[in-house]
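A.B. asks: I'd like to ask some things about the structure below.
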Amino acid sequence: MAIRTNVVRLYRQVHTWTGILTGLILFVCFYAGALTMFKEPLERWITPPVAVTPATLDRAEELVAATRALRPEVRDFTLAVEPALAGEAPLRLTWTEERFDPAPWAATLAPDGSVTVEQLNPSGIGLLVDFLHRTAGIPGDLDIGTTVTGIASALYVVALVSGVIILLPSLVKDFLILRVTRNVKRMWLDAHNLLGLISLPFHLVIALSAVVFGLHDHIYDTLDRVVYGGQMRAVAAASSPFRTVSKDMGPAGMLPPKEFLTRAHSLAPGFQPVSLEYHDAGTGAATVRVWGHDPRYLVRREGFVLMGAVDGRIIDTEYMPGHQNGWSATVSAFFALHFGSFGGGIVRWSYFLLGLAGAALFYTGNLLWIESRRRTERQAKGQPAGGPVGQSRATRLLAAGTVGVCLGCVAGLSLTIAAGKWLSGLVDDLHAWHWGIYHAVFLAACAWAFLRGASRAGVELLWASAAATAAIPATSLLGLVMPGLWVSDGLIGVDLVALAGALVFAAMARSAERRALTGPRDSVWAAPVEHQGSAMGIQPLVHPAE
């Protein structure tokens with residue numbers, strides 16, 4: 001396809017600068033986003049095994065009544081009923097004293113009918129990776145972080161479109177080509193283009209949905225002023241399913257939990273309940289949301305049906321898979337395509353790999369720009385082609401920032417996951433420790449990169465990432481012999497993936513070291529003269545500048 005050279009040049013500049021402006025933010029979002037696909041297994045890997053006495057669903061009503069008798073002030077709670085082995089459920093009733101409380105309370109029922117109430121201390125690793133995915137760790141509250149990532153995602157859409165336009169003239173010739181040669185820039189460009197083209201539909205879905213998620217408050221505010229004339233809240237309240245709920249806050253009995261599950265099954269035989277969420281329990285206004293899965297439909301994580309807790313009537317099915325209207329089903333599908341909450345394990349693994357590939361896309365994009373600066377600097381200074389050129393401070397700072405941010409994120413997440421198993425049961429607030437470890441490693445990596453420079457820090461931080469990631473399976477191995485540690489049953493996949501990741505980072509470290517010693521001497525990735533020796537026995541070669 002023929003496109004004028006000046007048009008391609010314009011879109012290349014657009015693609016370059018939108019990528020540079022957003023690449024580091026989106027690397028963190030994508031890498032953490034890949035981990036969110038398996039945040040529940042990560043939580044279980046960190047959490048010590050607990051002996052649970054399974055109770056049948058027939059005792060769920062007994063647990064609710066006993067807990068409310070012990071804690072009558074608790075009116076909003078969740079009853080976990082996800083099926084376990086032998087048709088039994090690990091019944092547990094949980095509640096929080098404030099919104100987003102990282103340490104919920106839980107009540108369980110003993111065989112003798114007594115109730116045990118304790119405050120849980122979950123690891124919080126799932127909250128950390130989810131927060132990083134949504135905000136990239138931008139300082140400030142959640143709203144600030146999501147707004148920044150929303151803007152970055154909008155620029156990301158521009159980068160995707162401009163990138164496709166750049167490739168159109170050579171699409172047929174270069175599609176699915178990866179040239180592994182001594183021309184490292186050519187190889188990185190092929191890898192960047194290959195990753196981008198193969199995963200383009202995925203990236204478009206993620207980018208467009210992330211714009212909506214990140215900027216939804218601003219979008220709603222604009223709609224409120226332009227479309228609804230300031231009456232959007234009133235319109236939303238008028239269409240809320242809770243508008244028909246009784247306002248009677250007087251005491252009232254509730255149906256047994258098993259009855260709600262039966263009614264949900266009658267409504268949708270393929271619906272698989274996982275929990276019952278009670279509101280205003282014990283009053284005439286009590287409601288229950290039956291949360292669950294239905295693999296036949298695209299939904300965001302879980303759907304639910306809303307029922308009256310006193311009479312069991314169906315109040316709303318707007319978010320129940322298979323019972324949604326066209327608009328709700330479309331919105332649910334939009335969410336599902338972003339979160340990968342459909343299709344079971346195949347889709348989950350696909351999104352995990354695509355998330356890692358997306359992170360690699362942003363990393364290679366920055367590497368390409370940094371390498372291309374040598375030619376730009378040479379032209380700007382009027383130097384002959386092939387001659388050495390001095391790199392600008394801006395280029396060196398961007399190279400160091402790329403290494404520090406990207407590898408700091410990788411090493412920080414790996415180390416805080418591994419540390420979670422060592423600290424579990426030893427510290428009161430494991431959630432805070434996870435955040436502290438991650439940010440300490442991340443900031444230290446950034447400082448190290450600027451202190452040491454991109455070439456040396458790139459090698460050193462890759463080895464650090466490999467070691468931190470290898471600490472995950474190493475911790476599990478030590479759990480076989482060391483008191484206080486344990487091997488998480490059924491979660492060997494966590495260790496195997498971490499081991500594979502450690503090997504990849506180690507291979508990248510060796511490659512980076514080789515590049516530093518044998519690549520062009522005027523590259524920001526070249527080792528300083530005093531560090532050209534190597535324990536690997538690689539002899540530095542002098543290459544002409546590209």
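Note that Cβ sites are derived from N, Cα and C of the backbone, with glycine treated the same way.
Pulled the feature table from TrEMBL, pasting it below:
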- 20-38: transmembrane segment (TRANSMEM)
- 151-172: transmembrane segment (TRANSMEM)
- 193-215: transmembrane segment (TRANSMEM)
- 349-369: transmembrane segment (TRANSMEM)
- 397-420: transmembrane segment (TRANSMEM)
- 432-451: transmembrane segment (TRANSMEM)
- 463-485: transmembrane segment (TRANSMEM)
- 491-509: transmembrane segment (TRANSMEM)
A.B. asks: Let me spell it out: take the transmembrane segment (463-485), skip the flanking residues so only those 6+ beyond its ends count, and list any with a Cβ under 8 Å from a Cβ in it.
C.D. replies: 407, 410-412, 414-415, 417-418, 421-422, 425, 441, 445, 492, 494-496, 498-499, 501-503, 505-506, 509
A.B. asks: What parts of the chain pack near the transmembrane segment (151-172), using Cβ distances under 8 Å and only residues at least 6 beyond its ends?
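C.D. replies: Same-chain contacts beyond the flanks: 1-3, 7-8, 11-12, 14-15, 18-19, 21-22, 25-26, 29, 136, 193, 196-197, 200, 203-204, 206-208, 210-211, 214-215.
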A.B. asks: Could you tell me what the rest of the chain brings near the transmembrane segment (491-509), counting residues at least six beyond its ends with Cβ under 8 Å?
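C.D. replies: Same-chain contacts beyond the ends: 38, 41-42, 44-45, 410, 414, 417, 459, 462-463, 465-467, 469-470, 472-473, 476.
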A.B. asks: Give the nonlocal contacts of the transmembrane segment (193-215) in its own chain as ranges (CB under 8 Å, at least six residues past its ends).
C.D. replies: 29, 134, 146-154, 156-157, 160, 163-164, 167, 171, 174-178, 334-335, 337-338, 351, 354, 357-358, 360-361, 364
A.B. asks: Which residues of the chain, 6 or more past the ends of the transmembrane segment (432-451), have a CB below 8 A from one of its CBs?
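C.D. replies: Beyond its ends, the transmembrane segment (432-451) has Cβ neighbours at 123-125, 128, 132, 137, 397, 400-401, 403-405, 407-409, 411-413, 415-416, 419-420, 423, 457-458, 460-461, 464, 468.
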